[in-house]
Amino acid sequence: MARKRITRRDPEEELSKFLRHEPGQGQETRKLSSQLTSLKKERRRGLLTRLGSIMAVCLLAIAFLTYYVSPLADVSTVRVLGADDLDGKSMVEVAQIKASDKVVDALRGQKKISKKLAAKYPEVASVTLSVKGLNTLNMQVHERKVSGYIKDGSSYREILANGELGTKSLAWREFDHDKPLFISYSKQVALKTNLKIFNSFPEYFKKQVKMLSGNTRRKTQMILVMKDGNVIIGNTETIKSKVKYYNSIKQDLTTNSVIDMEVGAFTRPLTSAEKKAYGLS
């Protein structure tokens, strides 16, 4: 049997491999240790931040739930603002807001409440809800613009910018006489047509109109009674482009006259019957 070859090794030389110190090895060790320390601090900071955020959310949720189940969250008072001509109590009933309702729930249902009130009251364009204090609910009503008034029996009603009529009946002294009065309109279609044309007039001209009469000979005819006592007769298709000549035409008039703008433009004095019919006598 062949003998194995044995190689002799110096023990000191073998041990020196483990004890030998290479230059720069300590610096790398310290650098690695420093990085580990910084990483631990960063992780600890991130963990504390996340825990703080979770605790804050939990505290807010607890506070909200505590408020929500308490009587402080119940509607105590509803104040109706911006609708002086409408009955505030009736509006609250239509909105179906009760003292037992939660303020938060009412605010969340604002769009639904606004639609209910607009459907019931033509004057209402929209409603905005807000809270004053802890549980006082403010209902801010945004009303539609009033373009004029129409005679309804012995009283008057508002004509809104969209052509709808207001719900409340007004006495002669209660409406704004700076806005025109629409008389003798038996058909809603004719009223809306003339209102649309009137709203398209220049602002300076609209301020001069006292009354619009629906007592016309033709569907395409439009009659305007002016505040200065003159009467304009025009065609619904062309009158918008012709009213700009009114101020220059009236300067040549010596008496209250009819200014016919249906075909061209000519003038004649008002008859006694016409003055009486238009309330100018």
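A Cβ is built for glycine as well, from the same backbone N, Cα and C atoms used for every other residue.
Features of the protein shown, as given by Swiss-Prot:
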{"type": "REGION", "residues": "1-36", "note": "region 'Disordered'"}
{"type": "TOPO_DOM", "residues": "1-46", "note": "topological domain 'Cytoplasmic'"}
{"type": "COMPBIAS", "residues": "8-31", "note": "compositional bias 'Basic and acidic residues'"}
{"type": "TRANSMEM", "residues": "47-69", "note": "transmembrane segment"}
{"type": "TOPO_DOM", "residues": "70-281", "note": "topological domain 'Extracellular'"}
{"type": "DOMAIN", "residues": "73-144", "note": "domain 'POTRA'"}
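Taking the topological domain 'Cytoplasmic' (1-46) as a whole, pLDDT averages 62 in the prediction.
Taking H, G and I as helix, E and B as strand and the rest as coil, DSSP gives the domain 'POTRA' (73-144) the counts 26 helix, 24 strand, 22 coil.
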